[in-house]
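Colleague: Pasting a structure below so you can have a look.
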Amino acid sequence: MNSIKSVPARVLSRRGGHSLEAEREQFDKSQAISISKAINNQEAPVKEKHARRIILGTHHEKGAFTFWSYAIGLPLPSSAILSWKFCHVLHKVLRDGHPNVLQDCQRYRSNIRETGDLWGHLHDRYGQLVSIYTRLLLTKISFHVKHPEFPPGLEVSDEVLEKTAGTDVNNIFQLTVELFDYLDWELKLSESVFRQLNTSMAVSQMSAVQCRLAPLIQVIQDCSHLYHYAVKLMFKLHSCLPADTLQGHRDRFHEQFRSLKNFFKKASDMLYFKRLIQIPRLPESPPNFLRASALAEHVKPVVVIPEEAPEDEEPENLIEISTVSTTEPQITSDMFEQTFGPPNGIRDDRDAQIESLKKEVEMLRAEMEKIKLEAQRYITQLKAQVNSLEGEVEEQRKQKQKALVDNEQLRDELERLQRVKQDSDRSQRLCAEAEKKASATEIRYTKLKEKHSELINIHAELLRKNADTAKQLTVTQQSQEEVARVKEQLAFQVEQVKREAEMKLEDQSVQLEQLRQELDTRRDELDQAQHSLSHAKQASTELSAQVEALQAEKEVLRRSVSEKECELLSARGLIEEKELQRSQEVDKATREIHELQGRLLEKSNQEQSLQQKLLDEQFSILQETVREAEDILRDAVAKLDDPLHVRCTSSPDYLLSRAQAALESTGSLENGHAQYVASMADAAGLVGALALFAHLMADTIVNGSATSHLAPTDHADRLTETCRDCGQQSLDYLGKLKDKQTLGCAELGDVRRALQGVLQLAQELRPKSLDIKQEELGDMVEKEMASTSEAIEDAVRRIEEMMSQARNESSGVKLEVNERILNSCTDLMKAIRLLVMTSTNLQKEIVESGRGAATTQEFYAKNSRWTEGLISASKAVGWGATQLVEAADRVVLHTGKYEELIVCSHEIAASTAQLVAASKVKAEKNSRNLGRLQECSRNVNEMAANVVASTKSGQEQIEEKDTMDFSGMSLIKLKKEEMETQVKVLELEKRLEGERVRLGELRKQHYALAGPCDVAEDDGDAKPAPTPRRGILKKPPLTQKPGHGEPERDAGLDAPPGVNF
């Protein structure tokens, strides 16, 4: 026995220290490799495995210290592709990294802003994208720092959103504006990427294009959440504020809705996104916030990221290739010749051909139903034969084995009698020795037991010490990691403080320099003021001297009148001179006013010329758009007469959607036309609406022509002429837009009428039975479940009647066997009834949780393939219950075989397993009804096993077995009988093998005729429900096994999986 040796504590401590350092070095090395491989100059998308390792590294170290330590050293200003990939990786780290990543990125906002500003000033294609991407990242960081309730992944519940918004209208208003700004930058990035790309299907497979498209996956994830939160907050704002106040919010939301819908549509059309992300579909029109009940109609868009396949494996095929029967081309060509006539141009009556084809289809369907029923009957008979043959083979094997055993027993008995006498003497001698050894062994065992108890106690003590040591080591490692983390944080904080101190020092130096300049200016002004003060003093001194002189002159004037008169004359001369100067100044001012008026008139003329030039340019842009639209429409109309277009086909449903979209575009075109007529300086709305209208109208005309190729002659001619009329009316409307005189009176009434004619013809060409079948499909599930319950209750009632009849007509062993079999059948029926009730409850829970605002019938119609599986499983359970009761009745009346009862038990167990599988497909994992359904399924399996066991035991008890007496046979006679028995066994085995092969072929043919029916509808929420098959809608009677495919059944010969006996 190996002993456990304890490791010395010094070795553990030394090993732990080295392992932590090695682990840190290995982590840094792996992160550096992943960052260098993810962020490089190659124009290819970032590989997911490298980004995943970087994200896992943030969770490992609980932050983004290592990432930023390497990211700061990247030469981002040298390469725009390098900067673009850095922004992509940073976006993924923000979304999926550790929560502490947000605070770490907040410290490096300046680095992100510098990178964006640098590339924003350069005329580089990637540089412009990097500039927008950095602004998006800065907005994202600011929003999540301000609102920590929203994680960077933007996944919060509606309760958290309500709690964050609160009840204050100002807070809700501000949060809505911030969400709009956030969504604006997301959409601006997507528009910039698509503006640089050719959005055809083939381009998206190039690595250079994928390098630009890869970050849009994170943009799609962010936009889906932002749109949902914006809708919620807008409804809440409209419940608190009047509608006029929120008109700006509604206009902004509608613009973002159109941009987001266009973005999702373009992305969903690209093959690159189809294999990486499931893009949700937005509604055709934005929510009506003026109606509070519209909130219940809102469906949250959900983005699904499929599971990633290993990168070493080959990529999956983009086109699903299905095997087709070899007879299908011949049938197709025959139907084509019957419909369109032989190639030599001879035409028969098409109506008669259509009627004959319909009759042939009905005959083929009737024959298929007959073949299905006959194949099912053959399968049941062959199962009974196989079970009977297996019973016979088993009986023959038992007889052979018994004969061999009897022969060996006779030989052993002879030898035993010879040894008995010898052993009897020896046993007496050994008995005494054995008693002595037993006592000694017992003493030794007691000592060993005590020693073992001591070793166990010692071992437990050592284990406890080892656990304590491991805990201490773990605590030490955690503390060391925490210390390392704190050191790194302190280092970053010190670095940040240094940077802030340097910035503050620079600011202080700049302020000091400004203060010095202001001080010098003030000094200069002070010197000037002192100089002017000295001049003023001198002037005052001079004035005082002048006053004295004037006083002297006054005295002189008084004494001299003549001198005074002379001075008066001189003063008059001066006044006249002043008046002359004043008149000159007025004339000069008048001339300047006239010059300014001339300049103002010239400027107004220039403005009018510029306004006219702007109107001419807008009109020329409109004319170019009109000419381009005319070319598009003429090309589409030309397709109506193009012989190469005859091979193109389309469906009425697709034509209906295209014509509806074209009809809706006329509204926006009419609004754009009205805006342009009101203000001809802005033709942007009319130009965009014209481009959309031309493409949609051309698409409608081309698809109408393609649809007419498969339509009857009358409808085809009418559809072609209506499409031609659509094109002509559209061209007439565009012709009116080319002339300024007829521009204002151009109307779309004729175009709308032509489009409505296309819609009416497309509606007439749609299959008429589709809607009716989908509406009936929802009610059929409940009817089938109810009929199954009734069939099971009827089966229980019939078993009770058979029980009372058996008690009256039989006795003894037969009564005991019949009671045991009928009791087990009754228990099985009760278990099945409980399972059907539980399945019905689970089905109701699935419908209530999955239908949303739709009705129950709409939910069943949408998930029609799953509904077909439920109907098939329900029919199979009802049919199995009926067959089990009939088989039990025949066994009790001694007109049937026990093997039929066993086969029916197997069949009903498989049918209930099918019902469980069909109900389990769309159920939640944590559903209580699902747990009860699985428990009921196990109970059904146990009850079915009890039926089989009671049937086999009753069969063995009732059937009489011949007593085999071989005592009078000689050795030669025994050998001969043995050889004959072996020959018979070989014959039966060969016959059994042939019957099994036949049963397998019959099952294969049955499944091929019935057709597969997949219950699990993976894309039921993303695609329209397929048309239910006619075989599903036709309910067979309960006494016949339904001929529909069983999704969870095995085509082998053994019991189906999940049924254990």
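The backbone N, Cα and C atoms fix where each Cβ goes, and this holds for glycine too.
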Colleague: From the ranges 572-620, 1013-1061, grab the one TrEMBL calls region 'Disordered'.
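Modeller: Among 572-620, 1013-1061, the range TrEMBL annotates as region 'Disordered' is 1013-1061.
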Colleague: If TrEMBL is the reference, give me the range from 7-43, 932-968, 969-1005 marked as coiled coil.
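Modeller: It is 969-1005 that TrEMBL annotates as coiled coil.
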Colleague: For the coiled coil (969-1005), would you mind checking the mean pLDDT of the predicted model?
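Modeller: For the coiled coil (969-1005), the model's average pLDDT rounds to 83.
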Colleague: How many of the residues that make up the domain 'ENTH' (23-151) does DSSP mark as helix, as strand and as coil?
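Modeller: In the domain 'ENTH' (23-151), the DSSP-based counts are 97 helix, 0 strand, 32 coil.
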